[in-house]
Amino acid sequence: MAEGQAPAPPQPEGDQECMCTQDKVLQFLNKMADESGIKDLTDPALAEFLTDSDALKGIRDLFHYPKAGTLPDVDPTLVDPNADSIYLCGNSLGLMPKVTEEVMKEHLDKWAKMGVFGHMTGEVPWAHSDEHCLEGVGRLVGAKKEEVSIANSLTVNIHVLLTAFYKPTETRHKILLESKAFPSDHYAIESQIRLKGRTVEESMVCMEPREGEETLRTEDIIDYIENNGDEIAIVFFSGIQYYTGQLFDIKAITEAGHRKGCLVGWDLAHAFANVPLHLHWWDVDFAAWCSYKYGCTGAGSIAGLFVHERFLHDKRDRMLGWWSHKMSSRFTMDNVLDLDEGAAGYRISNPPIHCVAAMLGSLKIFDQVSLENLRSRSCYLTGYLEYLVKTLFGENSEQRTTKLSILIITPENFHQRGCQLSLKFSSPIDVIYPELVKRGVAVDKRYPNVIRVAPVHLYNNYVDVRRFISVLQEVAHIVEDHA
């Protein structure tokens, strides 16, 4: 380790593997049913027992959890407005940690009392505020401090990174990504290709799943790279696909890209603070993420980026601003760039303190519980949801009591998913979704016929999951009656 560099993060014990399986979930449910004396695994009373027995149940108290009556379009004749909502939408926007109010108030008070002097004074000087997040964020993504920066928004950071790393040549100019990537990623890549003088038709490759399948197979991605990698400049996938909820094998795909001389980057919007990441050890070249989903920093809050330490002293052309300049000489103002090293050199402007304060508040939660423990909890919560959906709504399930059936398009393999399950409905979601909302359910719909449901490891519990299923059963009968 070079002098002044941070130590490497701990090596992963099993790549990105989760030890959970459907059999283990079923064994767990049966064990808890035996302990409680509840025979039926779908009984709501079991959810109560599971929640009461959960060693991490107290984390929920660290968050503001919305009441049903505070959500829009809730019908008070159908649900108690004072009851907790069924908030399973943290894959879209995470809930607010209570400590965030305190941290933000500290900086609002500081602004009121100090004005401009807040930039350089206090426990967290604003000009250095992003640096106070680096250790915690580094732990969440498995990186050294100098490999991460807190800056901008996700799409801006994708542009920042692609501007620097996408250097097309006549023979190597393609960018490989998954089909139906999040629109902002798609547009960013299209625009970067055009800005570099190429055409989207020749340089953008959107990989499709096999016919009749919803998700990509890892072996198909690797085969494509091995067969076509000499033409690929950058492999750029989502860590977790926003629509299907598929967690890609980041390590294996990165290795495949490097074998063919490709740079490999990742959009970790749905992976950050959701699943353990080991970007340093997986040898990822660069990555970007937002923080307002599982990171719980608030809508549109500050994003992050990763640049591997192999580029620590790399001075490649990039988008620049005064925050790209080393702090030690930044305020000399001589207009001679002294480029900061590593990920810090990809910053552009000073950090917005209110967004950084939200990040500092969120990191206080992750200081209290490891992402590895949260991941284990997540597997059982999502596994419980999967069991209930398959048992009560599976197309071939004997226990299904409605015409409505649901197909889970998210991979069954726990190694290939995080908190989210994407549910594909046999009836139009435009009929189902409003009825869920009326009953205090917060999930989100994605056309043509998917509702995404995410029991978040930080603040959701088994009761939330079972209440959702109960509402879904009620709505299914209503849809049938009005068909």
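Numbers here mean position along the shown chain, with the first residue as 1.
Cβ atoms here come from the backbone N, Cα and C positions, even for glycine.
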Of the candidates TRP281, TRP322, which does Swiss-Prot annotate as part of the pyridoxal 5'-phosphate site that also includes LEU154, THR155, PHE182, PRO183, SER184, ASP185, SER238, ASP267, HIS270, TYR292, ASN350?
TRP322
Neighbour count first, Cβ atoms within 10 Å, every protein chain included; then name which of HIS270, LYS293 tops the list of recorded positions.
HIS270
If you skip the near sequence neighbours and keep only those at least six away, which residues in the chain come within under 8 angstroms of SER184 (pyridoxal 5'-phosphate binding site), Cβ to Cβ?
LEU154, THR155, ILE158
Measuring C-alpha to C-alpha, could you say which of the binding-site residues PHE182, SER238, HIS270, TRP322 are within 10 Å of LYS293 (N6-(pyridoxal phosphate)lysine)?
HIS270
Could you check the binding-site residues PHE182, TRP322 and say which one's CB has the most other CB atoms within 10 Å?
PHE182
Span of the pyridoxal 5'-phosphate site, taken as the largest CA to CA distance across LEU154, THR155, PHE182, PRO183, SER184, ASP185, SER238, ASP267, HIS270, TYR292, TRP322, ASN350 (Å, rounded to a whole number):
31
Which same-chain residues, if any, lie at least 6 apart from SER238 (pyridoxal 5'-phosphate binding site) yet have Cβ under 8 Å of it:
GLU178, ALA181, PHE182, ASP185, PHE248, TRP266, ASP267, LEU268, ALA269, HIS270, ALA271
